[in-house]
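Chemist: TrEMBL lists these features:
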ACT_SITE  B:144  active site, acyl-thioester intermediate
ACT_SITE  B:257  active site, proton acceptor
BINDING   B:27, B:28, B:29, B:30, B:55, B:56, B:174, B:175, B:330  NADP(+) binding site
BINDING   B:115  phosphate binding site
BINDING   B:171, B:224, B:250  substrate binding site
DOMAIN    B:20-135  domain 'Semialdehyde dehydrogenase NAD-binding'
């Protein structure tokens, strides 16, 4: 009998003791929100280690009354760490996630680096919580627009099969990072003062303007952001053949995304039934008052957790289709909150017992 | 033999001599643009008579170096007038358009008052020019979003039948008038200065925010703006059974509307063919560079005539569908320009000989 040396397999669950947590990309918009949420949600933290590229390292952050020095990410940066919350872009994650897992940490990665890797779970805790436990050290946090969309689609898909989805997005500047938000503010002031706005962060000025999402175009004519919505939604919902088309648009809003969603089902779906399902769905808040013409707006969800859904209506052009509208905070549920909810799930597997209808 | 008294039938064509023109609602955003366009296009004007509600009358306007006093609309206001360009809202049009036609004028009305009246032509000159000549004194200018949409749909529908359209709009503040544009500027400054924006013109602050179009909701759950798109598109294109669903959204842009349009055809429609048709379509400008990721934006069309179309692509979710994106100046082609083009058409019927595929 031979004994072969194997890499240690990381634990599937996170221990229930307070955790030693590294935040990779701590100085970005999502990194900052991770700090806020760890505090707000009383996440048990034994140590908090902010990491960033050498360019951003050296700054001090304050967290729960403590001053924390941002350290440069490097070969030894993950020593003793249980959990890495990574939000520093795809190339940083590709370089450092394997180092972190080799050091024994679990990585929850907010970049697109590993999302479509069949070995990496792509998780929205309200939708496919069971998927989280199949990880091998790395779990991926989906794209913001996809997270918001699946929260609305999953409860409906669990009742009646979806035939096709047509979605148009209204995406805030925050999706392009804190510097894009600042640029929107600055250039808006320029326009108000009668000046000519010149963008340096986004490809065009977003001040009182909007443009199709500027992620790289694929041969299909779709941009990467749109294809993320297609492929990630399929993976999260466990519907590899789902038909979905998206048009992604950047709008001059600071930090909440909106989506106009047309959903064709295989059979008619009574509006009242859809409304009841969505009102009861985890992570969803119904904002829908037909008397006062009041439906979700970005300002309703800014800095808040739930995805707001409303104006659910029978599509007049197709008896089997519904129309609905949703808004969600891009930095919170679209990124930082979802990552922390995945961590909470890995600490408390019992919470995963009631999925809303996603992939296991 | 008896002779019965009949009201004089207004001439179907406008005379080719310089016209005596009244602008009803001369002080509004569209009224102001009508003045600009009459000048820019060298429209032959014998007399220009700005009219407004008693509240707005008494102001002086300058036009081509002349000072014009805005007169209150009233029973005698249309004496000697050949053409009324009306843009003062539905109730004003309902009250005064019959008075103007009784005085012998032709009325081109920008409100929704008469659009769905079977006796009133609803005209986009590039789409259904022949329809204009069936008028009985009143012609209707379509809703802004509808005008922009039909310019893109008509050339395609003339080649292959449309099965269904799903459209999401990104509508500027100008659609709610000059005061809404001013409110967007004011409240944006308030937000930038750290204040709390409180709207008085629009139902919610549009500053770094957006909301579903606030026109009255119908029992179907659709708002009036969305149903205008359905019914007016059907009438203009001569497709009474066209299946179309719209979600109309007000965004913090000043004066250009955008639309994400998904078009299902009865059979596959090669993208290259659609692109060639749209590139050659009257009133349409293709802004489409897949190399540089450059497609239409509101700032491309602000203050300009054409509707910009781009990112025409094969819908990945349906082999018979195309996706496209368009932007157009709401005040110009969405309102004032289209009205003046109707007047130009009525002066020069020969221009109506090459419709792009709309209703006659």
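Each position is counted from 1, following the chain as shown.
Using the three backbone atoms N, Cα and C, a Cβ is placed for every residue, glycine included.
Curation does not apply to TrEMBL; its annotations are automatic.
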Chemist: Return only the integer: C-alpha distance in Å from residue B:250 (substrate binding site) to residue B:144 (active site, acyl-thioester intermediate).
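Modeler: Cα-Cα, rounded: 13 Å.
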Chemist: Quick check: of the binding-site residues listed here (B:29, B:55, B:171, B:330), which one has the Cα closest to that of the residue listed as 'active site, acyl-thioester intermediate'?
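Modeler: It is B:330, whose Cα lies nearest.
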Chemist: Can you check how the pLDDT averages out over the domain 'Semialdehyde dehydrogenase NAD-binding' (B:20-135)?
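Modeler: It averages 96.
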Chemist: Report, as a single number, how many Cβ atoms besides its own are within 10 Å of the Cβ of residue B:144 (active site, acyl-thioester intermediate).
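Modeler: Neighbour count, Cβ to Cβ under the 10 Å cut-off: 29.
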Chemist: Give me the largest Cα to Cα distance among B:171, B:224, B:250, the residues the record lists as binding substrate, in Å as a whole number.
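Modeler: Roughly 14 Å, rounded to the nearest whole number.
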Chemist: Of the recorded positions B:29, B:115, B:174, B:257, B:330, which one has its Cα closest to the Cα of residue B:224 (substrate binding site)?
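Modeler: Sorting the recorded positions by distance from residue B:224 (substrate binding site), the top entry is B:115.
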Chemist: Please report the Cα separation of residue B:174 (NADP(+) binding site) and residue B:115 (phosphate binding site) in Å, rounded to an integer.
Modeler: 20
Chemist: Going by C-alpha positions, which of the recorded positions (B:29, B:171, B:257, B:330) is nearest residue B:115 (phosphate binding site)?
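Modeler: It is B:330, whose Cα lies nearest.
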Chemist: So what sits near residue B:29 (NADP(+) binding site) in its own chain, CB-to-CB under 8 Å and at least six residues off in sequence?
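Modeler: For residue B:29 (NADP(+) binding site), the qualifying residues are B:174, B:177, B:178, B:181, B:255, B:331.
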